[in-house]
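Sharing the features that Swiss-Prot gives for it:
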REPEAT    14-34  repeat 'LRR 1'
REPEAT    35-56  repeat 'LRR 2'
REPEAT    58-80  repeat 'LRR 3'
REPEAT    81-102  repeat 'LRR 4'
REPEAT    105-125  repeat 'LRR 5'
REPEAT    128-149  repeat 'LRR 6'
REPEAT    151-173  repeat 'LRR 7'
REPEAT    174-195  repeat 'LRR 8'
REPEAT    197-217  repeat 'LRR 9'
REPEAT    219-239  repeat 'LRR 10'
């Protein structure tokens, strides 16, 4: 029987949909193994990597998706020119890969549809990685070490059990596409607005508002918030705990510009006064420390969306300087319907 041949003249060895449980790559001549740059093995019944796979010394792409693999052996470490590893829909988890995998110069890693409960440390060592897909797994968190993937442009973590977004994502200078849909995320850290390269953001989760800093994502072209319990009417949440005497004194000092120097106050009070936040209402000029009013305002974004953003005010008497106005009880039905349509652009992505 003749061995499998390189197909299409494109340095591709295609062994897809053959129902193979074992594969003898020695049937491929040594010269042809050196020519092959793409090895396609999806939709078989492979449990482990075929023996001698590391003899494909010029391999750039390896596709082992839709098999029965629970373990990737050290043979993969011999594929020193490998750029793309596709292993979707297997039985892989965080213990399935050799510790030295981080030494490969991978650029694309797609492991969606597996059994990962956390992102393995060795994945977070691949600084050449541009695309990481771990959708449809069992991830519960995104590690802070995600910031080590300094070349990352595309991150797909949809369909997991993630409950929070680490602020360290803001340290990825080239991140352009971020997909976190179908998780359990309830809030977005304001640091995410520092990812100025972000062009597409998918957040179908449990969000009720967005931080106002999101408006600084001027490169954003796609924003999908479908399925979130975002409020669709203007919401005034004025639950307010009166400020302490310490805060009242601090507000008075900062608002009235009362002079003080380090020799006059204890160190803890000096540090406290440095924590003052300015009220966003330009007509107010006040400050707050620990006690503030949280208020949701709808703000026009990119001329297309009305986003519910969180504002922090110094007191209930203060009104937020948001450009958009609230829907009052006297709004006409047509105006209310128009607002609903604008919100639908966000809710439906």
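Every residue number used here counts from 1 along the chain in the order it is shown.
Glycine too: its Cβ is placed from the backbone N, Cα and C atoms.
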Six or more residues out from either end of the repeat 'LRR 3' (58-80), which same-chain residues have a Cβ under 8 Å from its Cβ atoms?
11, 34-49, 51, 86-93, 96-98, 100-101, 103-105, 110
For the repeat 'LRR 3' (58-80), provide the mean pLDDT of the predicted model.
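Mean model confidence (pLDDT) across the repeat 'LRR 3' (58-80) is 95.
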Report, as numbers and ranges, which residues of the same chain sit near the repeat 'LRR 4' (81-102): CB under 8 Å and 6 or more residues beyond its ends.
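Contacts with the repeat 'LRR 4' (81-102): 42, 57-74, 108-126, 133.
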State the non-local partners of the repeat 'LRR 8' (174-195) in its own chain: residues 6+ outside its ends, Cβ under 8 Å from one of its Cβ atoms.
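Tertiary neighbours of the repeat 'LRR 8' (174-195) are 130, 135, 150-167, 201-217, 224, 226-227.
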Give me the DSSP three-state residue breakdown of the repeat 'LRR 4' (81-102), ordered helix, strand, coil.
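Secondary-structure composition of the repeat 'LRR 4' (81-102): 4 helix, 3 strand, 15 coil.
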